[in-house]
């Protein structure tokens, strides 16, 4: 009997982890295609490419653990609310520990990438731009700058290991007892607290990146698909008129020196500016002519109705997310245990569409896997749309532009770092969208129901299944490791709560801005620093 139970437990684990393995292969393929799509063909470097692919893949693999975690805790129980024969206390704890060790490993690798490997590779290529430095000097300088990131990581680990987690003792309600139980359930070791604090700090940075890029991208992506780009022939006509106008200005300035007199300093500066402007316009002319006559333009024109349909679909998806997030946050504001608990909520008093949909899909395996994968990919694509539209800035200084097929190695590392942090935040975002699903999955537990019969005297007690919630006994429902990891520190949960309101605000502002903006150019912006690039690059198309 024991052997059969162990075999059943192993089978359930194999199912969950096999799907995780398939997701792993799909993630690696996606990251390779994605990075190769944006990296510069002239400046591509093997180390930066591998680093970008690996760091983005690690983040996506970590997010893929979420449905595995939910799948495993849900499969411990039958739909009638009873535990399966093999799911005794030791086996269930072993399954939970398997997921927890997976998180330990992946989160440790993420810390290594964020605080050592990515900064080292970035500074190495920054030093490589200086032709006078040798390999050893580049490595030494890169290590010197990277040391600052290592110190920050060490400080986060130290603070996380010893930061007090004591909740106020002046709360005696049942909900506060449950909050304390959740904080203590994951464990109290200093190593776990240090890792959780460091990852939560990175997730907080990812939340800021999501507010800036993802919230804007959720509105910009669908509206850009619907509006499309400007007509290449019309743009070329406008560009020709601009060339003629600039040539007239140049001719007017040069005519002042026909009699041999030198031009004043102001006219020389103006002449230089007009000549640079003329070079840029002629580059645009050549590229517009190439695009106007290309088969790709005709193919994109044929796909125009499909793009409009996709744009409308993405708007509905964005509205679904926004409505779900608003209702979830409103529920926390009205029914949570308060800011001192990180706005933890038990159960869903205000139902939202995704929180109702995901538990239903989980009953038809693997539909919930598919939906969560779609949600994560949607966040990736909308974040990318936001980054492409806004660029990478340091306060008011624009550091890099992200362009298809023309992104420098340093910009590519920055891009993957931002996406890594945003993907880290998606776990909490999915919890915000579907808190009940992330906490318990599709678990049920048994409650006693009294029934009165008319044909004889007396009452009868009947056990009926009920969806797991805060009212369930502690030994009847298993909380996911993801949920516990997200709520190890209450002050981070409180910050995420306020960040969700900021996310909604930026989405509304971004939607208004995107509606007011006109159509994008058929070309990516052509600048003076593009002179070393081919005039006939298909990567210039704005899709």
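The chain as shown is numbered from 1 upward.
Using N, Cα and C of the backbone, Cβ positions are placed for all residues, glycine too.
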Need the matching range: Swiss-Prot marks motif 'WTKF motif' on one of 288-291, 292-295, 296-299, 300-303, and I'd like to know which. 296-299
If we trust Swiss-Prot, are residue 97 and residue 521 on matching sides of the membrane? no
Checking feature assignment: transmembrane segment per Swiss-Prot, candidates 103-123, 124-144. Which range matches? 103-123
Per Swiss-Prot, the range holding transmembrane segment, considering 262-282, 346-366, 367-387: 367-387
Quick one: which of 411-431, 432-452, 453-473 does Swiss-Prot have down as transmembrane segment? 411-431
Would you please say which range out of 308-328, 518-538 has the annotation transmembrane segment in Swiss-Prot? 308-328
The one of 80, 349 whose CB sees the fewest other CB atoms within 10 Å, among these glycosylation sites: 80
Before we move on, state whether the transmembrane segment (308-328) and the transmembrane segment (103-123) share at least 3 Cβ pairs under 8 Å, counting only pairs 6 or more apart in sequence. no
Does the transmembrane segment (367-387) come close to the transmembrane segment (53-73), meaning at least 3 CB pairs under 8 Å for residues 6 or more apart? yes
Within the predicted model, mean pLDDT of the topological domain 'Extracellular' (329-366): 76
